[in-house]
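J.: For reference, TrEMBL lists these features for the protein:
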ACT_SITE  N9  active site
ACT_SITE  D198  active site
COMPBIAS  296-306  compositional bias 'Basic and acidic residues'
COMPBIAS  316-325  compositional bias 'Low complexity'
DOMAIN    1-111  domain 'HotDog ACOT-type'
DOMAIN    167-281  domain 'HotDog ACOT-type'
REGION    293-325  region 'Disordered'
Amino acid sequence: RIMRPDDANIAGNVHGGTILKMIEEAGAIISTRHCNSQAGEPCVAALARVERTDFLSPMCIGEVANVSAEITYTSRHSVEVQVNVMSENILTGAKKVTNKATLWYVPLSLKNVNKVLEVPPIQYARKEQEDEGKKRYEEQKLDRLETKQRNGDVILPVINPEPHTVGYSQSSLIHLVGPSDCTLLGFVHGGVTMKLMDEVAGIVAARHCKTNIVTASVDAINFHEKIKKGCVITVSGRMTFTSNKSMEIEVFVDADPFVDEPRERYRAVSAFFTYVSLSKEGKPLPVPQLLTETEDEKRRFEEGKGRYLQTKAKRQAQMQQSAQQ
């Protein structure tokens, strides 16, 4: 589809959340089709996790986004989907890949939303493809468990915060989940949640550096629990780390089920977003150093620095491998 003004920021760059929503829609369609390809109980595929995805190139208003999806692995109860996004300038015909993403879905019964159904297996061209997929499955399963165990933080308001501190840029958004946000099962679309998360992360980044900002990458997004229609969700974001030219922002979603639900507030989704600051000409700008004040902020900064260095080393290794080929 063509990118319109309401898909983009004031500088004309398409929001990362808009792209993430399109990616999730493509993944949901193909995985739901596959899970209903054999006779049995009808189901809808629900998003469980999005692996790290890099925004390889910015997309602008007027360009056409082409989103394609392919199922690359199936376990007994989950589907791995690879999604590619390509942008096309319809005036010049120029095309470029902007995103590559990996998503995991689980099929939920239409009759009982708490029942996870079995997934029809796919045929692999080579045995190695199945072995590699199984390895990815085990890795993401372990990471999801570790992420859920460390999810207990809350963001508290700060009175008269100093510029470039965590408290100065932190932001929250409160949203009532309506029917248009939900799947056939009455739970929030993963793409809707990711779009809201990107919006909050973008506000945090813009507050910190006061410039045009764009999403550079999103670390793994883990969907810990479903969010039901009628819930009030609080999407919170805070700066955790800055390098010379990038900002890492932690975002999490808490759900308050207050309509016919006695349940207490719970952590539903969590992720780390990375943003870069751009000049009017689209060139990267230096990012103001994050000022950490508390021991928790200093700890989170060091953890963010570790993720940054790990990603940087992995990218350099991939570039060397490509050069050798």
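Here the Cβ of each residue, glycine as well, is placed from N, Cα and C on the backbone.
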J.: Across all the protein chains here, work out how many other Cβ atoms are within 10 Å of the Cβ of N9 (active site).
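T.: Around N9 (active site), other Cβ atoms within 10 Å: 16.
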J.: Taking every residue in the domain 'HotDog ACOT-type' (167-281), what is their average pLDDT?
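T.: Averaged over the domain 'HotDog ACOT-type' (167-281), per-residue pLDDT gives 93.
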J.: Run through the Cβ atoms and count how many others sit within 10 Å of the one on D198 (active site).
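T.: I count 26 other Cβ atoms within 10 Å of it.
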J.: I'm trying to understand the geometry here, so how far is the Cα atom of D198 (active site) from the Cα atom of N9 (active site), in Å to the nearest whole number?
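T.: Rounded to a whole number, the Cα-Cα distance is 12 Å.
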